[in-house]
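So that you can see what the record holds, here are the features copied from TrEMBL:
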type     : residues : note
REPEAT   : 69-102   : repeat 'TPR'
DOMAIN   : 230-565  : domain 'SET'
DOMAIN   : 292-331  : domain 'MYND-type'
REGION   : 452-472  : region 'Disordered'
COMPBIAS : 452-461  : compositional bias 'Polar residues'
COILED   : 639-666  : coiled coil
Amino acid sequence: MALPVAEWRGRTARLWAALDPALRERLAAASLHDAVRLGCDLLRTEEEEEAALVRLCHQAPTDKEPEAASWYREQGNRQFKQGHYQAALRLYSKAASHEPPGSPEVSVCFANRSAALLHLGHFEVCLEDIARAESHGYPDRLLPKVLLRKAECLLCLGRLQDAQDILGALESKTALDRVVTTHLTRLKSQLKVKLREKERCPEAAREARGGTQGKSEIWEENNSISGASSSLSLSFDAERGRHLVASQDIVPGQSLLKEEAFVSVLCPGESLPLQGGEAAWDTRATNADLYCHRCLRQLLASVPCQGCSYAKYCSQDCADVAWQQYHRTECSLGALLLTLGVFCHVALRTVLLAGFAEVSRLVGCSHSGDEDLQNPEARCKPLSEAPDAGAGARGIPGCNSNGRYQSSYQALFHLLPHTEQHGAEHKFLCTLSVVAICKQLQAAGLEAAVLSQESPQQWSKPKTREKTSDELSPELKTVAEAMLRHVLQLQCNAQAITVMQELGPADGAVVNKKPVRLATAFFPVLSLLNHSCCPNTSVSFSGTAATVRASQPIPRGQEVLHCYGPHRCRMKVAERQQLLSQYFFECRCQACLEELESGVKSLVPIRNSFCCPKCRAQMQGEEDTLCCSNEACATSASRENLSCRLQDLQQRIKKALDLLRVGKADQAVKMLLKCQMDAGNFLSPEHLLMGEMEDHLAQVYATLGQWQEAARHLKKSIEVVEMHHGPSSVETGHELFKLAQILFNGFAVSEALSTIQRAEGILSVHFGPQSAQIQELQEMKACLSELPRNILQRT
């Protein structure tokens, strides 16, 4: 959720409507500095609005709740007993996040979670959780069970001496119950077997398969643009503003830019239901439970924040760094930040990472009449007018004194806020929201921490002032002004960090994934790329790092372009233009010009059209009544009726997938085949939903182990995907990856090898040779290539 919750947006809209027209006019024309001053005055007098915001924060609590912790732990125990270890793991993590640090209860959460990790085969992480349980004062009476678990992990990892030491220490204890004694005896027997094996084969060579290594990427960094390839140059003109151009011929798959986000904030994201019904507390896992709040790595056993129940990290190191850099300030504001949305959160974290000194300097420059900050592109000249590259680069906003464009706060600050283009009511909402955050910072005694006036030793316990003025300090007004600038910048410069998230259990023969928005970030260098509805680059993410690769040949002198959202394959030009208006420009890319000026009709509506129930020709028309495009057929139908049929079909498909999730694959097949038959009566064969149904059928047949049938359906899905997205698109690459898995499992060797080769060629262009999917494809290829020659010849 980028913007504040609907209730707060509604309240600010009503407050805006009730303002005196003259004041509305002043606010609409106000500079960022004046908008903050007026916003402070309004929020100080509107105590009802502040009280309403406090009530809204109660709907998104981030405090620790021991009762919730106890309930989550009980739910985890229930899932564990049923053998649902992954669900138990996440519930124990939720329980740990609600327990106060250092309590016996949190040590039990870690110990219980270690048991789930052992069953899932994550031995190293299990040992880490056992260490956490011990460090938080795990009860002595329960310690033997945990030590046995530790010994079992060490045995599985081949650390025999460590395991022997633990078992020996346990054996010396006299008061062990029967269950522990039995377990101890079993582990001692396993240890003896492993020690004998080690004696027989002391120099046994360990297989070092570990995956086939892909080719390393050639990279020569640009001297003038941090993180960019030397094949790019920074340029400027009045129409395109700052942009990147190919300084030499670029080939598909070539890396052009590698940038770490200046700031990123995890989006709460969609809820993924765990096993278990509705209850007092939510058992669903969201992005907040699944990914590290700092580095965005996928979480297995999260380290909870010691102060709130929301922030979770992949390691204690990540937790410590986050605390020092920004979370010491954000921790007590968690509910407010969730209520006011990700954009406000990104804005606050941006100024915290930049530091008040740099924020104050640049805000001050914007007050001094510096045109470069009021309108960053007003005084720029094309590089061709400059005597040398360095001098030209110095004329481009965001560059430092040496003419280098860095991924820095200075570059970020120079991104256009489009203050004049934003609607007055929207600016009002943003202003009141950032002022509310700064008022809370002041009320919570966090002002000094924001201004970096305290030592790190004083950061751990935020102080509450005995009495605070309703008036914001000048320093916090500066912070609010910078935050307002960043919230407005985000409309055009926010970059969604996406990840391919697995659907269903990860241990299936075929892993199905979908792209999910994981975080919102500022990438100052990536923001230099202008939009095209048919871009020549592809962007991928690893944690908080973005990599831009060429997706097609880019000749020297051509602009390097990125797609901001609506691709020409997904939407016709009128719809794209409407969506792109949020970025305050009219798209004049090649794809749009072809459709607008050359009369080229978009294939999108044709491919996703309804078809005639009698002759199967395309139904057409702009009004509610659609007519068959076949002149010999006079059939007509209501658009509303066909749309209702489509919605009903989508609901039935969802029910079929629900059946598959609960293990009723046979029923799912029957329902999907019936859906497919019904869809053929009113949807065109190229409709995306027709391809999705083929994909779902392939998934069901793969679950049943019917590989040949699964491959047949997936090939049909790929045909539809290629029609919509193109044969070299990332979407086609993902479908080919799934087909390779199916053919591999079905032992169709020669076809699997050719599919692997094609998938590898496409995915390496978009994600590079070191990506996880490429590594998996290479492992499959190596495995198939090692089969005996007579088997390869037969297949």
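The backbone N, Cα and C atoms fix where each Cβ goes, glycine too.
Remote same-chain partners of the domain 'MYND-type' (292-331), defined as residues 6 or more beyond its termini with a Cβ less than 8 Å from a stretch Cβ, comprise 61-65, 68, 89, 93, 96-99, 101, 113, 117, 122, 125, 128-129, 132, 264, 266, 337-338, 345, 348-349, 352-353, 441, 446, 449-450, 456, 459-460, 462, 497, 499, 518-519, 543-544.
Sequence-distant contacts of the coiled coil (639-666) (same chain, at least 6 residues past either end, Cβ-Cβ under 8 Å): 504, 610, 619, 621, 623-626, 672, 674-675, 678-679, 682-683, 689, 692-693, 696, 699-700, 703-704. Confidence annotation: the repeat 'TPR' (69-102) carries a mean pLDDT of 94 in the model. Helix first, then strand, then coil: DSSP counts for the repeat 'TPR' (69-102) stand at 27 helix, 0 strand, 7 coil.
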